[in-house]
Amino acid sequence: MPCEGCMERDNVSTSATMEFLLLGFSELLRLRVLLFLIFLILHLVTLAGNTMIFLAVVMAPSRPPMLFFLCQLSAIELCYTLVIVPKALLSLAVAEGSTISFLGCAAQMHLFVALGGAECFLLAAMSYDRYVAICQPLRYAALMSEGLCLRLALLCGLGAFVVALGLTVAVFRLPFCPSRRINHFFCDVPAVLQLACTHSYAPELPLLAACVLLLLLPFLLILASYVCIAGALLRITSSVGRGKAFSTCISQLAITLLHYGCATFIYIRPKSSYSPARDKVVSLVYTNLTPLMYPLIYSLRNKEIRGILRKMLRRKKIAQVN
């Protein structure tokens with residue numbers, strides 16, 4: 001419901017001084033210490049895991065396309081967690097919630113959407129890489145050249161940045177309620193839209209457009225790639241060859257399901273079905289557990305990553321002995 005007493009505001013004159021109050025987990029006062037320790041440990045493990053994969057790929061003597069995309073994915077996850085988790089930890093440390101400035105909230109939303117969108121585009125690029133590797137193996141080296149991979153990586157980042165900027169500008173041009181209390185632990189789009197003082201569904205249109213561009217479009221590309229891959233796998237007569245080809249895709253399929261499952265639940269729905277408590281739980285999975293699962297899945301499923309990590313540990317042991 002739109003709030004009472006809200007007025008149109010001059011963004012230019014008030015944005016420098018206006019603040020929002022992130023309520024965070026203020027309703028769980030007795031569990032704040034336990035939750036703080038759990039999320040801090042998850043955050044540190046996530047940073048360590050993604051940093052290890054990033055360094056392993058950077059130090060690799062050669063970087064095939066899949067490792068190149070995996071390096072970019074780890075870099076995105078590192079930035080992603082650093083944008084969200086520290087503010088969430090602060091909301092647990094402060095019982096009455098933490099404040100965030102108007103510009104700080106806008107910057108956090110923009111970075112969160114841009115990094116999440118870049119990840120969606122990157123998953124589509126990785127699915128195209130698997131399509132070429134399985135469906136056109138003889139042309140793989142020619143099609144997936146270093147220049148094409150670099151252009152795809154830049155396109156993923158720039159495309160997500162532009163869409164996120166448009167969405168953020170559209171959201172923060174709205175008039176907000178006087179209380180400005182955000183029932184969340186970061187400036188998520190649905191939570192901020194709850195403060196919009198409007199009687200129409202117009203504020204949801206930019207979010208819908210962003211969902212189409214950042215979620216639906218990459219998902220359709222991923223779906224088309226794996227439909228072609230499934231057809232190619234069915235034509236493989238050898239069960240060993242079919243299993244080997246499928247094993248190269250299983251990691252990305254798991255990552256795609258994790259990413260799109262949470263994102264679809266949070267963003268592709270009407271404003272009337274918004275539930276702060278439920279959304280905060282899903283967002284915890286989305287911003288804490290999912291980035292933690294990425295390095296675990298890839299380090300366990302990718303032979304090249306396992307080999308590089310073993311070499312790094314072996315070098316470290318030799319250095320310690322010397």
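Each position is counted from 1, following the chain as shown.
Glycine is treated like the rest: Cβ placed from N, Cα and C.
Because the structure is a prediction, the values reported are computed rather than measured.
The feature transmembrane segment is assigned by TrEMBL to 33-60 (among others).
Annotated domain 'G-protein coupled receptors family 1 profile' per TrEMBL: 49-298, in sequence order.
Annotated transmembrane segment per TrEMBL: 67-89 (among others), in sequence order. Cβ atoms under 8 Å from those of the transmembrane segment (67-89) belong to residues 22, 24, 36, 39-40, 43, 46-47, 50-51, 53-54, 57-58, 60, 98, 100, 108, 111-112, 115-116, 118-119, 122, 125-126, 129, 146, 149, 153, 156, 185-186, 287-288, 291, 294-295, 298, 302, 304-305 of the same chain, restricted to positions at least 6 beyond its ends.
Marked as transmembrane segment by TrEMBL: 109-128 (among others).
Taken from TrEMBL, the feature transmembrane segment applies to 148-172 (among others). Long-range contacts of the transmembrane segment (148-172) within the same chain: residues 11, 15, 65, 68-69, 72, 102, 105-106, 109-111, 113-118, 120-122, 125, 128, 189, 192-193, 196, 203, 206-207, 209-210, 213-214, each at least 6 residues beyond the stretch ends and with a Cβ under 8 Å from a Cβ of the stretch.
What TrEMBL lists as transmembrane segment is 207-234 (among others). Under 8 Å from some Cβ of the transmembrane segment (207-234) lie the Cβ atoms of residues 113, 116-117, 120-121, 123-124, 127-128, 130-131, 134-135, 159-160, 163-164, 166-167, 171, 189-190, 193, 242, 245-246, 249, 253, 256, 260, 263-264, 267-268, all in the same chain and six or more residues away from its ends.
Beyond the transmembrane segment (246-269), the same-chain residues lying 6 or more positions past its ends with a Cβ under 8 Å from any Cβ of the stretch are 116, 119-120, 123, 126-127, 130, 133-134, 188-190, 207, 211, 215, 219, 222, 226, 229, 233, 279, 282-283, 285-286, 290, 293-294, 297-298, 301-302. TrEMBL lists 246-269 (among others) with the feature transmembrane segment.
Per TrEMBL, the feature transmembrane segment maps to 281-300 (among others).
For the domain 'G-protein coupled receptors family 1 profile' (49-298), the mean pLDDT of the prediction comes to 84.
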